[in-house]
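According to Swiss-Prot:
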type     : residues : note
TRANSMEM : 3-23     : transmembrane segment
TRANSMEM : 43-63    : transmembrane segment
TRANSMEM : 85-105   : transmembrane segment
TRANSMEM : 109-129  : transmembrane segment
TRANSMEM : 203-223  : transmembrane segment
TRANSMEM : 238-258  : transmembrane segment
TRANSMEM : 269-289  : transmembrane segment
């Protein structure tokens, strides 16, 4: 095994695992890291699919009991049937647009300038969404009981995954479509979209995790099938390094995020996106780093 290549695979696997489920865009980070490490050829793109699969398996393991309950309940449990339907209908919009526009998006938008711009814009959207969330319960009606009105208006409408309606799932599904733009963040689009549509922070985050399973699994199977002619046995060791690194880092990241959202909002991630995006644009326009278009 080429040690230098293995180190690159390890770094990219960790980057994928740490960014896939945070609202900071794993695709954007992989595009930038891939260019910095000179690991962005056709094999590198296949490698990205493999490590994304490693990350999604970490989510499957973390939520294995819920997944098993859904599978067991599909024949006769209305709650599990409704949950499965919600995941399916929320997945359809993004998959449909990806099939129609996927090639054009990869050809024209997968570059550092677009990624950095999406980082910055997405950061401001998160700040706005969090501001809206904090002020959700405010009322300016002097005739109303302020405390009562704030309690009614400020509480999220959906506190558990079982409360999620098909209409809510469809809205989150359309929000996920924004993630087709690299640098936007699939988890960021679905979590922030969920908050705006009345989901609690916990429900929005967990539903985002579950939405990732069919989306990333489907993309993995599709891309590996398309690129099967480029794969060889020599790639297995490098792919395995990245896969394991992505699985382990994603597993700990998911557990950390579930604890984090209990007491924190996403403003820190928003400022990270904005600052990082500005740095990337600055390095591009000053030619400090020769980013590829």
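Here, residue 1 is simply the first one shown, and the rest follow in order.
Using N, Cα and C of the backbone, Cβ positions are placed for all residues, glycine too.
For the transmembrane segment (238-258), same-chain residues at least 6 beyond its ends with a Cβ under 8 Å from one of its own Cβ atoms are 1-2, 5-6, 9-10, 12-14, 16-18, 20-22, 47, 50-59, 61-62, 202, 205-206, 209. With a threshold of 8 Å between CB atoms, the same-chain residues lying at least 6 positions outside the transmembrane segment (203-223) that come near it are 20-21, 45-46, 49-50, 52-53, 55-56, 59-60, 62-63, 66-67, 86-88, 90-91, 94-95, 98, 156, 158-161, 163-164, 169, 172-173, 176, 186-187, 190-195, 254, 257-258, 261. Distant neighbours of the transmembrane segment (269-289): 22-25, 32, 36, 112-113, 115-120, 122-124, 126-127, 130, 183, 188; these residues of the same chain sit at least 6 beyond its ends, with a Cβ under 8 Å from one of its Cβ atoms. Taking Cβ pairs closer than 8 Å, the transmembrane segment (109-129) reaches residues 23-25, 27-28, 31-32, 35, 181-185, 188, 192, 195-196, 266-267, 269-274, 276-278, 280-281, 284, 291-293 in its own chain, all 6 or more past its ends.
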